[in-house]
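Colleague: Pasting a structure here, questions to come.
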């Protein structure tokens, strides 16, 4: 008989797990990791930024994508991948970073999918599903940390210098500023470790004495605070 067990702690863990996975996925796909110096579509690069006059804009650069304004009338913004395949990503550090980030996101998405079914299944192969998911989230968090640490090491590439000026170097963004995607990825990484720790509380909540009493009474739907 399937027992549907819903507690505040297990539901909160499920929601946070989904938020962490979605946040990391959206950040990874975004082009707003680096925000370039102000320029016009036909601007030339000077030592302190764009040299030509006109309505300035700030291009953005992601790990494998970018957004630029085309020099046409009326001006239009073009966003998309600058790399047609993995080997064209701006630097080896960004390639390694994308591997670690993608691995962490894959694990987070798997946990987010599994977490939806924890209301009906609390164990897998005689192991607590919450503990297994918490372990996977901890591993995903380590992958994400490695990816975020390697990402700034690629700021010395030619691609980044086109957006951030010649002063750009590893761990120095030059004329660029950090975009929302980088901070979202950092926040998602912190939330991933919070979920990994909180999974233990979700496991305790679904295996408490109150839950066992409800099961012994023959209830199939168990909702507890």
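Heads up, the Cβ atoms here are built off N, Cα and C, so glycines get one too.
All TrEMBL annotations are machine predictions without curation.
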Colleague: Tell me which of 12-31, 32-51 corresponds to the transmembrane segment entry in TrEMBL.
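Modeller: TrEMBL lists transmembrane segment for residues 12-31.
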Colleague: Would you please say which range out of 159-179, 180-200 has the annotation transmembrane segment in TrEMBL?
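Modeller: It is 180-200 that TrEMBL describes as transmembrane segment.
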Colleague: May I ask for the residues of the chain that lie six or more residues beyond the transmembrane segment (180-200) and have a Cβ under 8 Å from a Cβ within it?
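Modeller: Non-local partners: 9, 12-13, 16-17, 19-20, 23-24, 26-28, 30-34, 62, 101, 104, 108, 111, 130-131, 133-135, 137-138, 140-141, 144-145, 148, 151.
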